[in-house]
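I have placed the structure first, in the form of structure tokens, so that the comments after it can refer back to it.
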Amino acid sequence: MIQKATVIGSGVMGHGIAQVFALVGIPVHLYDLTKEKLRNAFDSINKNLDLYVKNELISPREKEQALKQIQMTTNLEESLVDSKFVIEAIPEVLQLKWDLYRSLETICTQDVIIASNTSTIPLTTLIQHSTYPERFIIAHFLNPAPLVPLVEVIKHECTSKRVIDTTMSLLKSIGKTPILLKKEIQGFVVNRIQAALLREALALIDEDIVSMEDMDKIIKDGPGFRWAFIGPIETVDFGGLDTWKRIFDILFPDLDNRQSSPEFINKLVAQNKLGSKTGEGIYPYKDTSIDDVLTERDSNFLRLLKIKAKQQIIEK
Ligand SMILES: NC(=O)c1ccc[n+]([C@@H]2O[C@H](COP(=O)([O-])OP(=O)(O)OC[C@H]3O[C@@H](n4cnc5c(N)ncnc54)[C@H](O)[C@@H]3O)[C@@H](O)[C@H]2O)c1
């Protein structure tokens with residue numbers, strides 16, 4: 001059982017992962033390069049927990065207790081004291097991750113598990129320079145980390161059984177749904193599925209078949225409505241394999257097969273319109289603040305979590 005954890009990098013993902021540990025009473029060190037980054041992380045966690053209190057998921061006292069579990073530091077060695085599980089959520093830049101692992105491996109004892117929250121880099125690449133590759137694993141949380149239950153877990157043939165078992169039971173103990181992939185593959189499962197869906201969705205917008213607003217509505221009120229409770233494989237079974245076979249035979253040859261990002265996305269990126277983090281992306285967010293949009297998103301996820309928790313109790 002892990003008694004203390006360390007999260008390295010306190011940005012979009014790191015602060016959320018630290019919050020998850022803190023909420024279940026696991027003391028967590030949160031490390032980043034500057035005090036300013038850590039202050040921002042604290043403000044975000046504080047705001048997230050206020051939303052939990054407002055939605056009556058935790059009491060104000062539980063919020064204060066959770067905040068007390070988080071120790072923030074800009075000193076790497078200090079952040080690793082007594083910690084047996086370290087997860088890094090630093091930028092998706094391979095050299096940065098390699099440099100960090102080199103430092104971690106000089107400071108941590110051999111039994112310390114080192115997990116990465118990478119969304120794309122294969123574990124084989126991450127461990128290329130490591131001294132003890134058997135201690136490395138990928139635990140891919142989804143954004144927002146405190147709210148989305150799934151964590152994809154990716155092992156390497158070197159990853160030890162102890163590391164896999166401990167990571168899986170730790171993730172379950174913090175309320176997550178960890179899924180261990182049988183083999184590693186580029187993009188893992190979630191991002192491959194999202195990319196496949198987005199390739200077609202963006203092509204349909206690009207070809208002016210549907211507006212971007214209607215595309216979002218189509219997914220939210222159509223397949224997305226079902227996906228909260230039945231997966232795509234179950235959907236096929238419930239719909240009838242004969243029907244789905246016809247759909248596959250007609251549509252597979254016709255689906256978009258482009259090999260790179262669509263031109264309108266490239267243009268937005270070149271203009272630094274990167275989405276909510278720069279104030280504008282595919283949508284302009286002109287009549288509402290980004291903060292309000294994200295708070296509404298998280299309130300809806302909290303409501304869904306409550307419904308799913310009730311459903312699980314009924315099924316038991
Ligand atoms: N943003 C997402 O939606 C998302 C989802 C799943 C996984 N991920 C993955 O999680 C990781 C982090 O992504 P993010 O979006 O949170 O990034 P981010 O840029 O929001 O945060 C990264 C943080 O790491 C800090 N940092 C940089 N170098 C560091 C170092 N050497 N030591 C300690 N801290 C350092 C930065 O100061 C920053 O606070 C990436 O590997 C990314 O691919 C991101």
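Residue numbering: from 1, along the chain as shown.
Every residue, even glycine, has its Cβ placed from backbone N, Cα and C.
TrEMBL entries are annotated by machine, without manual review.
As recorded in TrEMBL, the features of this protein are as follows:
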- 4-183: domain '3-hydroxyacyl-CoA dehydrogenase NAD binding' (DOMAIN)
- GLY9, SER10, GLY11, VAL12, MET13, GLY14, ASP32, GLU92, LYS97, SER119, ASN143, LYS277: NAD(+) binding site (BINDING)
- HIS140: site 'Important for catalytic activity' (SITE)
- 187-285: domain '3-hydroxyacyl-CoA dehydrogenase C-terminal' (DOMAIN)
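Features per TrEMBL, on structure.
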residue: GLY9; record: NAD(+) binding site; Cβ within 10 Å: 24
residue: GLY11; record: NAD(+) binding site; Cβ within 10 Å: 15
residue: MET13; record: NAD(+) binding site; Cβ within 10 Å: 22
residue: ASP32; record: NAD(+) binding site; Cβ within 10 Å: 24
residue: LYS97; record: NAD(+) binding site; Cβ within 10 Å: 19
residue: HIS140; record: site 'Important for catalytic activity'; Cβ within 10 Å: 23
residue: ASN143; record: NAD(+) binding site; Cβ within 10 Å: 11
Which state, by DSSP, holds GLY11 (NAD(+) binding site): helix, strand or coil?
coil
In angstrom units, rounded to an integer, how far apart are the Cα atoms of LYS97 (NAD(+) binding site) and HIS140 (site 'Important for catalytic activity')?
15
How many angstrom lie between the most widely spaced Cα atoms of the NAD(+) binders GLY9, SER10, GLY11, VAL12, MET13, GLY14, ASP32, GLU92, LYS97, SER119, ASN143, LYS277?
23
Do you know offhand how many angstrom separate MET13 (NAD(+) binding site) and HIS140 (site 'Important for catalytic activity') by C-alpha?
10
Using the alpha carbons only, what distance in Å do you get between ASP32 (NAD(+) binding site) and HIS140 (site 'Important for catalytic activity') once rounded?
19
DSSP says what for the domain '3-hydroxyacyl-CoA dehydrogenase C-terminal' (187-285): how many helix, strand, coil residues?
65 helix, 2 strand, 32 coil
Three-state secondary structure, which DSSP defines for LYS97 (NAD(+) binding site):
helix
